[in-house]
Amino acid sequence: MDNKAMYLHTVSDRDNGSIFEEPFDGRSLSKLNLCEDGPCHKRRAGGCCTQLGSLSALKHAVLGLYLLVFLILVGIFILAVSRPRSSPDDLKALTRNVNRLNESLRDMQLRLLQAPLQADLTEQVWKVQDALQNQTDSLLALAGLVQRLEGTLWGLHAQAAQTEQAMALLRDRTGQQSDSAQLELYQLQVESNRSQLLLQRHAGLLDGLARRVGVLGEELADVGGALRGLNHSLSYDVALHSTWLQDLQVLVSNASADTRRMRLVHMDMEMQLKQELATLNVVTEDLRLKDWEHSIALRNITLAKGPPGPKGDQGNEGKEGKPGSPGLPGSRGLPGERGDPGLPGPKGDDGKLGATGPMGMRGFKGDRGPKGEKGERGERAGDMDFTMIRLVNGSGPHQGRVEVFHDRRWGTVCDDGWDKKDGDVVCRMLGFHGVEEVYRTARFGQGTGRIWMDDVNCKGTESSIFHCQFSKWGVTNCGHAEDAGVTCTVP
């Protein structure tokens, strides 16, 4: 705002008429042209213009002053509306000055309108000049306040610009933190899915192990029952055999006593037999002598024989006699030692295939295989081209709308050509075994943002949906009403 200096004159300058020497140029309020016809530096004989023309010029000057004040107020209000608020003290001082200026101008206008035409016009002009001098001081003070207000507003504007820059930087950092948090949340979700699958697999293994332990417990119970029965039977057999052994010991002791007694009897009978044999030999000799004597007497005693010679040698053993009749059966003998095992018998026929047993425990990790051949060089990825995938708006982590993360933003997948092969790849990326059902036409609600993938065509063997054939990133002819979705299988 341009502040023009106002050159005002005091009451002592009335005589020289200096206030009428320069025309009123619309900028200086102190040098008023009270004539109606432009520059009036030529004074009339009466010392001034006519009263009617001077009054008209004064009214025009007051109206111009009113218009100037109005424009100043309009500018102040525009600045107040377009800029941030200033301090309350400056606004209160500015409001008081404007109100005082309005009241002074209103009083001046009323005095001018009510003043009689016959009054001394020169006195009225000097009074107006004094009033304008006072108003000029007020306007100068008001201009200073406006300048200070404008400086304060510019300072606030600079602070607001700095604040906007800081807010933009904060929004960028917040967006980066949000993207990082979303990526970490996705990774945690994938790890959670894998952990759930591992827990379910371990639960299945534990169930199988529990069943096997139960079957083994039943078998152990059967074996224990069989062992108890065998123990009972063996105890009975051992007791029976002990009884038999005791009886056998009694029989053996009796047999030993009988044997000793029979040996004594045999010895006695042997002595008797020896005595009988000796007696029999004597008798035999006597009989032989008697027989010889008789034979000599009966024959013609022509030859005389001498006495018998000594006893001859024992003759040859006679022929073996016939076997006698079998005797009575004796008691059962002790069991003999166990014989050698016999030869193995012929192989029997194959039996029927039994039921499949429970799944065994996981084996040890095998040896590392040979190093494979070097693959072809892949395409170079971008610095920020880190792609991920998630399921949104489903009843659980196993189902929902398919969204991929590309270029630091999440986007959806169009259902053009969407089938179970594509869904199977997506589910295996998320750690599930496979896909149960695929959906089209935004079954889980319409997404927002970009549609990153369209015309997806997977073979079903890919490890990632980004290895499948599809149109370029963000190139699509679909809307969010065609967002694809899946439901993965949960064991």
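Glycine is treated like the rest: Cβ placed from N, Cα and C.
Looking at the candidates Cys458, Cys468, Cys478, Cys488, Swiss-Prot gives Cys488 as the cysteine bonded to Cys427 by a disulfide. Looking at Cys49, Cys468, Cys478, the record from Swiss-Prot puts Cys414 in a disulfide bond with Cys478. Within the set Cys49, Cys458, the cysteine that Swiss-Prot bonds to Cys468 via a disulfide is Cys458. Checking Asn16, Asn300 against Swiss-Prot, you find N-linked glycosylation site recorded for Asn300. Ranges compared are 28-48, 91-111, 217-237, 385-405, and Swiss-Prot records coiled coil for 91-111. Take the CB of Asn193 (N-linked glycosylation site) and look out to 10 A: across all protein chains shown you find 20 other CB atoms.
When averaged over the coiled coil (91-111), pLDDT in the model lands at 69. Comparing the glycosylation sites Asn254, Asn393 on other C-beta atoms within 10 angstroms of each C-beta gives the minimum for Asn254. Most buried of the glycosylation sites Asn134, Asn231, judged by other Cβ atoms within 10 Å, is Asn134. Residues near Cys488 (disulfide bond) in space but far in sequence (CB under 8 A, at least 6 apart, same chain), listed by position: Leu391, His398, Gln399, Gly423, Val426, Cys427, Leu430, Phe432, His433, Gly434, Val435, Glu436.
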